[in-house]
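K.L.:
Pasting a structure below so you can have a look.
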Amino acid sequence: MSEVEIENAATIEGNTAADAPVTDAAVEKKPAAKGRKTKNVKEVKEKKTVAAAPKKRTVSSHPTYEEMIKDAIVTLKERTGSSQYAIQKFIEEKRKELPPTFRKLLLLNLKRLVASGKLVKVKASFKLPSASAKASSPKAAAEKSAPAKKKPATVAVTKAKRKVAAASKAKKTIAVKPKTAAAKKVTAKAKAKPVPRATAAATKRKAVDAKPKAKARPAKAAKTAKVTSPAKKAVAATKKVATVATKKKTPVKKVVKPKTVKSPAKRASSRVKK
């Protein structure tokens, strides 16, 4: 072999020796990287399965709320029903293993039972429905559902009745108008009649005014009384003033029969004679 061939062979062996450890290191590193990824993926999957695990449903040691409420109402035996507080107290004394939200749940169940018709609410108390009410409730529901189907016929009948009623009202109004005219004539006649009453009242007033003038003539007797008794003068004067005041106060509109009043002069003369 020549020297050139020997040198080429040596360089090839050196290159292969240098390349061998690099490839081994690369091969060793790659599996390590793959192993880390698989570990992370497994950990995430395990966490997800733990979180997604369904919670076990806790079985309550007490019966349903409906049964407990009915039992409380039956045992309490109140005539007007049992209040929420009484039912709550009874259940708490009888059942010791109750949840912390028992009172809220009791109120919700009471409302639900009242809405469904299993309980009857009277003011602030609850009681069981009577047997007659239970029997009548299905019948009432059936009756309500039956007329609901026959609504179109009833609507047509009501429309026809409304038209007939409107026509009859129009006829009545036409017939009533002549009556109103006749009534107006009658009222006008009635208003014209009371005129003679006013004339009669005027004549009575004139007669009343004329009578006192005729009675005021005997003034001579008053003069004789003045001479005999000076103390009686003041009494007669006061009486005259009183009679004048009463005459002024009498209203003109009222027609009053004249009273037979003696004049003060005559009274004085009668007292002197006594």
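Placement of Cβ uses the backbone N, Cα and C atoms for every residue, glycine included.
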K.L.:
Can you say which of 102-128, 129-155 is given as region 'Disordered' in Swiss-Prot?
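P.N.:
Checked against Swiss-Prot: region 'Disordered' maps to 129-155.
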K.L.:
By DSSP assignment, list the helix, strand and coil residue numbers for the domain 'H15' (61-130), in that order.
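P.N.:
Looking at the domain 'H15' (61-130) with DSSP, the answer is 38 helix, 8 strand, 24 coil.
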K.L.:
Looking only at the domain 'H15' (61-130), what is the model's average confidence as pLDDT?
P.N.:
89
